[in-house]
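J.: Sharing a structure with you now.
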Amino acid sequence: MSEQRQESLQNNPNLSKKDVKIVEKILSKNDIKAAEMKERYLKEGLYVLNFMSSPGSGKTTMLENLADFKDFKFCVVEGDLQTNRDADRLRKKGVSAHQITTGEACHLEASMIEGAFDLLKDEGALEKSDFLIIENVGNLVCPSSYNLGAAMNIVLLSVPEGDDKVLKYPTMFMCADAVIISKADMVEVFNFRVSQVKEDMQKLKPEAPIFLMSSKDPKSLEDFKNFLLEKKRENYQSTHSF
């Protein structure tokens, strides 16, 4: 757990000392498992991406479209509170996907990923993939606290959500190794200020690239796909401390 996270917990007026110790124990246990999973990812030769966003930002649609690229081979761990709908959508595109239903939990944890990882391995999906993509539970708060051992943490912000979210949810955007502004074809409809997002990201994480993406603009997806392939070639590993 990062010093910043620990200090934030200890200074939270809504948490008793007992509560703080419980939360610290949970997060520390998750960090240990995340480190173990990272070793397993590397052993399998997988480059792991953790996609986070609000519900309905377009994560699954983006993955469906990525499946059309012959040079981008991946399998997926899906996280949702209920239903297998997203995993089913991806399977129809020929993508090996395992659904994790969390019930009431608003995030995925490293121990949850382990079970899905083992199932994908048993199915032979890992050896056919260059990337393992984790589509986290739709939420701009909880997932940013849980390390999954990913090489990159990528945050989507959809245009209909508004351009003010970066500083409203700083913990999420501080962990981003890249930001996608999705549904970018609706920028004018919603008076969405891309410049505001860029300005706010300069304050939080200036090194994180920002991509404008729309399902109506195939080149925007191809540019992002090429970016991911390059990061894999570089073996870029996120330095963010959860």
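From the backbone N, Cα and C atoms, a Cβ is placed for every residue, glycine too.
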J.: For the Ni(2+) site that Swiss-Prot assigns to Cys106, His107, which of Cys75, Cys142 is also named?
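T.: Among the candidates, Swiss-Prot records only Cys142 at this Ni(2+) site.
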J.: For the recorded Ni(2+) site formed by Cys106, His107, Cys142, name the remaining residues of the chain with Cβ within 8 Å of the site's Cβ center, in chain order.
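T.: Residues close to the Ni(2+) site, other than Cys106, His107, Cys142: Ala105, Leu108, Val137, Asn139, Val141, Pro143, Ser145, Tyr146.
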J.: Around Cys142 (Ni(2+) binding site), how many other CB atoms lie within 10 A of its CB?
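T.: Cβ-Cβ neighbours of Cys142 (Ni(2+) binding site) within 10 Å number 17.
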